[in-house]
Amino acid sequence: MKFHILLLLLVGACLPVFTQEIKPKPELLPADEAPKDPEAVFSEGEPFELTDALDTPKNGSVPVPEPEPKPEPEPEPEPKPEPEPSPTPEPEPAIKFDNIESEDYGDVAETAASTQPDELNTEVIEQLVDTFLNTGSIASNKTNKGPVFANPVAQALVNSSNYWKTDNLQAPGSIKDEEKLRSWLAGYEAEAIKVLREVALSGWRYFNDASPSLKLALDEAENVLTMFVRSTSMQAKQFDMASVTDEKVMRQLGYVSFEGMSALAPSRFADYSQAQAALNRDSKDSTICDKDVPPPCALQKIDMDSIFRNEKDASRLQHLWVSYVTAIAKSKPSYNNIITISNEGAKLNGFANGGAMWRSAFDMSSKVHKAEFDLNKQIDKIYSTIQPFYQLLHAYMRRQLAGIYSNPVGLSKDGPIPAHLFGSLDGGDWSAHYEQTKPFEEESETPEAMLSAFNTQNYTTKKMFVTAYRYFKSAGFPHLPKSYWTSSIFARVWSKDMICHPAAALDMRAPNDFRVKACAQLGEPDFEQAHSLLVQTYYQYLYKDQSLLFREQASPVITDAIANAFAHLSTNPHYLYSQKLVPSEHLDIKDSVIINKLYKESLESFTKLPFTIAADNWRYELFDGTVPKNKLNDRWWEIRNKYEGVRSPQPYNTSNLDALIHNSVSQVHSPATRTLISYVLKFQILKALCPEGTILSEGCILSEDTTEKLRETMKLGSSITWLKALEMISGKGELDAQPLLEYYEPLINWLRNTNEIDQVVVGWDGEGTPFTVEEIPKTRQPGDGGNGLPSEDRVAFPGGECVNGQECLLDSHCNGTICVCNDGLYTLEIGNTFNCVPGNPADSGFGDGKGGLVIGLFNNEVTTPEPSAEPEPTAKTTTKMPPRVRAATSPFSLYLTVLLIIYFAL
């Protein structure tokens, strides 16, 4: 009721102001008729007396003496206007995109299609209606004469040629005629492309409309492919590889004859699949109880991520970690079974054990060829190169964890870190602690600037890809077919159940049919992803003229490295400025922003590298059989401590298998060092693409000349090894971690200096000395950072205190003491609240009375404010909150005072 009465009174107060008559100003006398001395109009010694009768003698007309003429003053020369300072010219963009030829991206057809309703698959409905109309029932009366397939096109390929037959095969290696081999390979290519095309189409349909029927169709297509691979591999083994003289023909034969785990007998392959399914099921469905919570237990692995990311009670995290590894210990027999069956499959492919078969993807060994280099030695060399950097990062984080978790039991200043303290269940990603441990407060403003540019320039997700495409064309890459733009999916279609993750660049196994599947959103992350996916598409497009068996990447590690290098290049400030996505102010990046960026990336990616080495070395020992069955868990932690400086949160439990907590061990049965190798290659390729002297952490601008070697390498596809591809791109055909260290150099220097100043112990082979109270750093509170909103005590509003680092909101910033409005805004004070507004309503008569409603309006750009009784802040400021400027008293402001009295009296 008070509010409604106040509102009515306020409206009543405003009406007289806005409806009053505007009176014309009195006309001024000419300059030569105006009296020079206003007091001369009155007689000396006879004061002017105000009366009601204007014709009284006292107020009678008084003669005014004629003024003496004065000489006309010489006209003053007109002042010359001050020349306006010329604006600072904007820097020239590094890339002239106006010179890039525009193309038809299918936007017209896309716009027309967007106005139509989504297509519906009415085939099933029509069949049911026809059946009902003809029979009066929806039950079919047809007699099934054979199996009904979800993918009849794929099924029709089975046994459609001799390449599906495995009867009457000759003995392995018995055919030594190379011409027969060439003829067989030509026929193989013609048959294989049909199968691969159907698998690609089935996958595309399912990923973009994940219905049960389309999933069944994809499964059938993949089963057909498995049958084809098995039969052709058996046929290929008839040829003697040692008799082949042509290196390319030999490489093709090697690709076809390799079966992998498909070489197992069907029953044994089924055992392998069942063991995998059991691992997946146990990992997902195992339940545990929270600390001090009695059964029934309901927490699953999916619930752990948020708990470990936000919980700061180390004892609770230890309880959850120990409970979960104990719960999944039942998977230990299944994992041992996978190791055994993997060894069997490796021997069928000509390898000593599963570890040797895994390494063959990198060392190029085969049944008839020895490894080209010792992969384990190369990995150890990489580790010795990056170990000093990792130890600096490890030491810095270890000290910070003492502050975050209040010096928890088991954490020392010179020993390994307990695995449950990294902010995730498996401890693989340290980035959960970024906000509380980052070196500096300043963050890059590029993401916000880019998002603003996207919105201002009416970007769509497709336009992000078009923008990236124009960048590639400026760097010498060729035109892509129009079908790429008309067939690809760049954004999620919400009327369908799409498989969005992961985004993928797809070779559809048909001439000029290349597509991308991405549920992209406007923003910096997906802008980077657009460049990553496009360079993968270009890899596929450039090797399209190779024979089918060479129409692949040289290695997945090469593709990953190239894709990640281009994602980084897309963040170069000069490139973004050329694309009109950031203003020129972003061309100069502060060192603090660069160090923060590198620190965050190191927590997300670099810290995983030692783990990949530990995980693979442990599994290689399992494949070799060198570790006793009752020592598997002990050995796991010994290796992790050696490479990572990480220890178990509890004493070793021989009945457990703690490694199964990691998806990269329990779910992915392939070398984890693929991550390490591709990450190292990323920086080798980045350094090769950029000019000499480039600061790798900032990237560079590419040109047609700098990408020439890369494009030539891509054209060769898998006809060359990944080491040869690396040599063609970088000039060096071996792994080298020095470019990685060069990239992280600003962060490495900062970590080294910070650890020295804080006297932090580097390494983890100490005696387990605990932190003293003085050594524990003061970290930000849990609500300070993270990816969510800051807590209430970490924000302040205009006029509020910000002395403790609070974030100023609502168009204000901290002047060291309080939050003041940004330049160009006005401060509107209503009661004890301040608001930053763009206009100046003071012209309407608002003032700052003494009542409960106080309205003061003043421009933050005032340079000569009136004196104020309030003391000025002593802290150094850039923009002061100006003192109140008292407005002239008006009937309206008096009415507001009366209004306030009435309001509080109600």
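Note: Cβ is positioned from N, Cα and C throughout, glycine not excepted.
Summarising the annotation, Swiss-Prot assigns compositional bias 'Basic and acidic residues' to 67-83.
Summarising the annotation, Swiss-Prot assigns compositional bias 'Low complexity' to 863-882.
Annotation source Swiss-Prot lists disulfide bond at CYS289-CYS297, citing sequence analysis. In the three-state DSSP scheme, CYS297 (disulfide bond) is classed as coil. Taking a C-beta cut-off of under 8 angstroms and a sequence separation of 6 or more, CYS297 (disulfide bond) has the following same-chain neighbours: THR287, ILE288, CYS289.
Taken from Swiss-Prot, the feature domain 'Peptidase M2' covers 175-765.
Summarising the annotation, Swiss-Prot assigns N-linked glycosylation site to ASN159 (among others). Secondary structure from DSSP puts ASN159 (N-linked glycosylation site) in coil. Counting every protein chain shown, the Cβ of ASN159 (N-linked glycosylation site) has 12 other Cβ atoms within 10 Å.
A C-beta separation below 8 Å, combined with a sequence spacing of at least six in one chain, links ASN653 (N-linked glycosylation site) to VAL325, THR326, ALA329, ASN633. What Swiss-Prot lists as N-linked glycosylation site is ASN653 (among others).
Annotation comment: Swiss-Prot describes 28-95 (among others) as region 'Disordered'.
Among the features that Swiss-Prot reports, region 'Disordered' is placed at 862-882 (among others).
Swiss-Prot lists 1-19 with the feature signal peptide, giving sequence analysis as the kind of evidence.
In the three-state DSSP reading, CYS289 (disulfide bond) counts as coil. Using a 10 Å Cβ-Cβ cutoff, CYS289 (disulfide bond) registers 16 neighbours.
Averaged across the domain 'Peptidase M2' (175-765), pLDDT for the predicted model comes to 95.
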